[in-house]
């Protein structure tokens with residue numbers, strides 16, 4: 001198993017305006033894209049990998065000359081890895097409104113000649129998926145072998161399967177949910193308030209003031225981090241470990257290692273992440289709710305689905321708990337869709353979807369093997385049998 | 001069941017210096033105190049009620065002429081109520097460093113002639129308990145019938161039982177833990193960072209600047225609120241309810257009812273709560289860890305306990321889960337202490353300890369009846385039988 005090695009992102013320019021769910025139109029935009037592996041002749045081996053809150057188009061491989069520049073899902077994507085780039089053509093796209101090179105709030109708004117800032121239109125999961133579909137058009141890809149995503153990326157994969165059912169054969173939705181719970185929205189809202197009420201946010205136009213609302217970003221990231229980790233793994237990793245042997249009796253100095261860890265994560269994040277992007281992406285999470293248009297009925301929502309599904313959850317994920325994944329599985333089964341569900345007993349909480357757990361990667365490897373086998377030697381009727389055998393297996 | 005009616009707090013002045021755990025000394029201080037019911041002749045019917053983060057000495061009754069001024073545990077304490085003021089003399093004390101009248105960071109530091117601000121010494125659960133013991137001395141109470149507290153108040157009740165074992169007959173610890181977990185500390189730390197990094201905190205001396213770090217206090221309270229409620233009750237109460245029929249496509253306006261609720265809670269809190277007090281009290285929570293002096297061995301820690309215990313937890317409390325209460329119960333049983341444990345199946349999360357759940361209040365009522373019966377007609381050897389019958393009963 002190797003790395004895809006040094007990779008070079010492409011910047012794709014789209015001149016045709018994109019009308020967003022909000023009704024707003026983006027006149028033209030750029031998207032950063034990376035691809036790994038080779039697109040086969042009939043363009044049938046492409047896998048789109050959708051990113052979550054703070055990731056990007058840089059899914060795998062390294063950027064030449066930059067240390068520790070491995071892509072965010074490098075443990076999964078590469079030659080011989082579960083998503084094998086010797087077999088599949090893998091595409092990573094930085095979403096609109098993000099802050100890793102694609103058009104976002106830190107760029108010039110052609111309508112005003114001013115940096116977008118708060119004026120960047122609110123983007124939704126559907127908008128991202130529509131923009132991703134255009135990237136596929138550009139590559140001449142009619143049908144994807146699969147769309148894969150974890151967390152918010154999983155929501156994009158689900159949305160793909162509902163709105164572009166003909167354009168994909170498999171949907172792989174990991175550690176995700178059919179919508180956010182009140183508690184999920186609550187955590188997002190606190191993070192947004194921390195950013196928006198930071199005086200250096202300047203109503204979203206901080207760029208012009210030469211400052212960054214770092215305090216808000218730090219707090220937002222600290223909150224996020226707590227929800228990514230399970231209580232258990234935090235306990236095991238940090239527990240009540242102190243920094244010094246004796247209590248320092250201070251409310252502002254670091255006393256416990258968990259404080260040190262969180263502050264470090266917050267500091268690091270505030271140095272590279274855009275505050276407006278944080279607001280936009282958490283809002284896209286809040287809004288995602290495909291059943292809304294179907295009176296809240298998730299089974300009716302999935303009636304339009306055609307592809308096959310792999311749904312994966314993690315037992316200790318309290319952000320998007322297995323119960324939320326099971327809602328998706330139930331809705332698919334209600335529609336007699338082909339679905340394979342794996343509930344992985346992993347200790348790491350929501351973060352598990354990014355980690356290299358052997359059982360988890362084993363499931364993904366097996367599933368991609370199946371996709372490849374279907375593609376290489378399609379056996380009519382055979383795949384349904386396989387998938388029914390796997391259905392509902394807890395790993 | 002009635003109210004104790006209008007009550008008048010007393011302000012008690014203590015001239016004798018108090019040496020704190022940190023080694024700091026408070027030269028003199030005042031504590032706000034309320035009492036309900038009548039102290040009997042042999043002064044044996046007193047129950048001390050300890051408060052948690054944002055409560056005070058005002059446990060029950062009303063303040064004359066002020067609407068909605070019911071004490072924070074008014075549903076529990078009063079004539080005919082579970083903690084019956086016709087039988088017991090109930091004492092509420094606002095802890096040192098709090099912001100409801102007792103000496104705290106907003107008061108003048110006699111050593112500098114300046115408001116204490118950040119210079120107010122870090123107080124611990126033990127310091128509060130020591131200061132409470134002095135209040136009992138002032139009342140001439142040698143032995144309490146019980147110490148009762150929920151959450152941080154429960155930690156004070158536990159500490160009382162470990163360090164003043166002769167001065168109480170019963171310890172009632174509700175929705176509490178033998179110490180904070182890494183996740184608990186993490187949430188406290190984020191809240192503190194939100195306050196400390198608010199530019200209007202002014203390194204803790206905001207009083208002199210005529211401002212209040214409201215932004216930080218709001219965020220702190222919003223975080224706290226999420227952890228007080230269960231995921232389920234939040235879902236039932238708010239779910240994904242929108243404020244308007246259509247999405248507003250805004251990252252800053254309120255879209256979901258849960259956002260409205262949290263903002264309201266944050267705003268209200270920031271108007272009355274002191275920022276330095278928030279830091280001090282969350283730190284006292286972090287530090288509480290009676291087993292620390294016993295090499296982390298909770299069973300050894302409780303070897304010094306003499307009184308009888310009632311431990312209560314709530315199934316949906318994820319801040320201080322039943323598992324944490326069971327640690328306490330196990331340590332007590334290891335020492336063959338008399339303990340009654342009730343795990344209440346309530347949907348409200350940590351907040352349940354303040355609510356009027358009939359099963360919960362039933363348990364407290366039965367326990368206080370037992371205390372009263374012991375006191376009125378002590379039957380040698382009899383009580384142990386009763387308590388053993390009740391041990392480990394899940395309600």
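Glycine too: its Cβ is placed from the backbone N, Cα and C atoms.
Per TrEMBL, domain 'AB hydrolase-1' is recorded for B:45-354.
Summarising the environment of residue B:151 (active site, nucleophile), the number of other Cβ atoms within 10 Å of its Cβ, over all protein chains shown, is 26. DSSP assigns residue B:151 (active site, nucleophile) to coil in the three-state reduction, placing it in neither a helix nor a strand. Here TrEMBL flags B:151 as active site, nucleophile.
Secondary structure from DSSP puts residue B:351 (substrate binding site) in a helix. With a cut-off of 8 Å between CB atoms and residues at least 6 apart in sequence, the same chain places B:228, B:229, B:233 near residue B:351 (substrate binding site), listed in sequence order. Summarising the annotation, TrEMBL assigns substrate binding site to B:221, B:351.
Here TrEMBL flags B:317 (among others) as active site. Around the Cβ of residue B:317 (active site), 29 further Cβ atoms fall within 10 Å across all displayed protein chains.
Secondary structure from DSSP puts residue B:319 (site 'Important for acyl-CoA specificity') in coil. What TrEMBL records for B:319 is site 'Important for acyl-CoA specificity'.
Residues or ranges marked as active site in TrEMBL: B:350 (among others).
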Cα-to-Cα gap, residue B:221 (substrate binding site) vs residue B:151 (active site, nucleophile), nearest whole Å:
16
Number of Cβ atoms other than its own within 10 Å, given for residue B:319 (site 'Important for acyl-CoA specificity'):
24
Just the number: how many Å between the Cα atoms of residue B:350 (active site) and residue B:151 (active site, nucleophile)?
8
On the three-state reduction of DSSP, what should I expect for residue B:221 (substrate binding site)?
helix
